[in-house]
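This report concerns only the one structure given below.
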Amino acid sequence: MATLLNGKELSEELKQKMKIEVDELKEKGLTPHLTVILVGDNPASKSYVKGKEKACAVTGISSNLIELPENISQDELLQIIDEQNNDDSVHGILVQLPLPDQMDEQKIIHAISPAKDVDGFHPINVGKMMTGEDTFIPCTPYGILTMLRSKDISLEGKHAVIIGRSNIVGKPIGLLLLQENATVTYTHSRTKNLQEITKQADILIVAIGRAHAINADYIKEDAVVIDVGINRKDDGKLTGDVDFESAEQKASYITPVPRGVGPMTITMLLKNTIKAAKGLNDVER
């Protein structure tokens, strides 16, 4: 039976440590501030944004939400981002994805100042991450790595298999694991013999957005299984990309859904916001 990697518990511990750090910064006259921009009325996006606001409040990070109509023009959104870039009281800027169809997502991401890009999506920060330089790491991969480290799970020489190749999770977590001296294999929708490959994984990371796509048949005995998927069942409950009940019989460690990777993603956003505030104000990190 697998040991749970409980992201909810770990995130609460980390937030308490961050609160102490934020209080110390406030004593120096610096309050980290995050601006979240939400375009449209996507219920899932609204829920995520609420979670971010709540987490900011717990740690003492200041935050504000700019809510914009679905039909706002791209130029208007770019103007708002520019204003936030030039506001010295704002340290982190997050544009909640996905954006409406009339928006060029890449152009919007590129418009955020790299120094305030707390999502870690700007190409300058992605490039720095790739070369191992100090930068903002995308929040979900950062959360996964933090969870693995919290249990002293050795990555060196281990075979990590990633199912999914998105810019938000799949690609960056592979780079981070490579920097930890893991051997990394990417798999995706065009991969042949997927099961054959995943059964070689010491660490299996699943990020495909399809409920229960992976079960115990895909998992090597005693593998570490990280389930990034968040899917809503017919009864409204959340479930992951991994069939938890079968997988936990085979894995050594496994993340649940919910209370796994999700809470860690928000917590790493807070960590990046504190980092941004320090960097913009020349405070020692």
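Any Cβ shown, glycine's included, is placed from N, Cα and C.
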For the NADP(+) site that Swiss-Prot assigns to Gly164, Arg165, Ser166, Ile230, which of the candidates Ser73, Ser89, Ser113, Ser189 is also assigned?
Ser189
Among the binding-site residues Gly164, Ser189, which residue has the fewest other Cβ atoms within 10 Å of its own Cβ?
Ser189
Hey, what's the Cβ neighbour count for Ile230 (NADP(+) binding site) at 10 Å?
19
By a simple count, how many Cβ atoms lie within 10 Å of the Cβ of Ser166 (NADP(+) binding site), its own Cβ left out?
17
